[in-house]
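Listed in TrEMBL:
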COMPBIAS  B:13-23  compositional bias 'Pro residues'
COMPBIAS  B:24-34  compositional bias 'Low complexity'
DOMAIN    B:102-291  domain 'ABC transmembrane type-1'
REGION    B:1-34  region 'Disordered'
TRANSMEM  B:40-64  transmembrane segment
TRANSMEM  B:102-126  transmembrane segment
TRANSMEM  B:138-161  transmembrane segment
TRANSMEM  B:173-191  transmembrane segment
TRANSMEM  B:274-295  transmembrane segment
């Protein structure tokens, strides 16, 4: 506490100032702007001249909940989250546990391969996967033909497109989480495992009953951030299918982008943004609360 | 860090020098258990190697396709290796197309990101080591921004940048993603572990607060700085959404946006596109491979467990 006394009062504000100003300008303020704009009929003419903006009350929200396209986007987002979150969390935890089995040069070299998708730009990923999924000269359909299966419309069949797009996102989403789990595993004291092993627990049993409970915080962190990421699902459908075919891969974020930037319906899209934010905040709060009850046995 | 022992080894007995074999029946003797552990590790290694190859395969495909002549890249059945490898598409990217311009723009966006890194480190330090009015409120804001999706703030941020006359500038492209709440959080986690006595001693010696930050705090924080620098580099290098929204002038396009332009020609020339994808992916792979160790280490040290 004597630090605070010794330092002049302004010092901490100088340290947090630049970052907080930017964070407020581009994180917090936009949310408030979205809230305000969501009660107006702002469109492209309002962007040019603010006097063209009119108060719209809750009209945007009423229209939103009656809009079948928004309903479909909402349903798609839930579908994506239900497939994506468990896949990403389980795959990255499993891979991290296996990678942490040994510290040999070989295992450490393998790690890098699993990180590659996470650090690659989405557009490059879209180009490569678009090429692999291509129906005329793509590799995947050729692989299917090798085992005698007919070609498949990876990105133009409405149901299959959902899975194709989600698969790319799962492939890309595991890398960072593997890093986080590996880092957390370094914090598991070796003595715990050895004690469990001395008590006769096999490696499977040790992992399940000793290591995984110790990773509780990392698992919570990864689950919460992964849920948020999938509720915001945007990149993969945006570049691979542009939300198609027939809106089958239109997530809430894609819907917002189209309404906002293609149709210039800023007021309407902002109302959608506010709804999306509330959904994310509620889901996150629910997760944190259920886990807290879990920890305080 | 470089020992090769397996975590499941029970007894610290030297491993057999002969290649490990899987016993038919798991024996309970220490040596048998150790052997079984090694056998399982070999199986795990094989499974992980297979998984790694599958994960990395699309990139191998990208690399090999980028040197195929166009006729070969749309050939059916597809082949992994080119019959007549060529680098002509790389040349075209930088001569006929504007990829040199995009590359420079991308590097400028990455460099601007360096300021964000410094700001986040400063904020993390203040949250970790100072008491001040409004601290908990501000820190709550930092964490709250983690929940706000980009798409929610996309339109208002555009309106704000438009109001600041920063649309169509590289600074405008870099600003929205300069600071991440996650970054400040990680800095704070790490810097909380710096002993306060160390800072006190420097103060007694008459060092100014900023001198302490620059000469003591930053050097100690190298591991977390490395993580954040790599993450900031990756983020800046891959930036796509903001240049797409903010830049209407082609001269301001980043590599990602330039790539997206090529995306419309997928049926025409996959080789050119794969070459462009390589230009975007390969540099970042190299940066990441060099710093990979620090990234995992840095996350571990930031107390994320």
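Placement of Cβ uses the backbone N, Cα and C atoms for every residue, glycine included.
Where the annotation comes from TrEMBL, it is an automatic prediction and has not been curated.
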Original post:
Where among B:40-64, B:102-126, B:138-161, B:173-191 do we find the most Cβ pairs under 8 Å to the transmembrane segment (B:274-295)?
Top reply: B:40-64
Subject >> Sequence-remote partners of the transmembrane segment (B:102-126) [C-beta within less than 8 Å, at least six residues beyond its ends] >> reply: 132, 142, 170-171, 173-174, 177-180, 183-188, 190-191, 213, 217-218, 221, 225, 228-229, 232-233, 235-237, 239, 243, 251-258, 279
Subject >> Stretch contact, the transmembrane segment (B:138-161) with the transmembrane segment (B:40-64), Cβ-Cβ under 8 Å, 3+ pairs >> reply: no
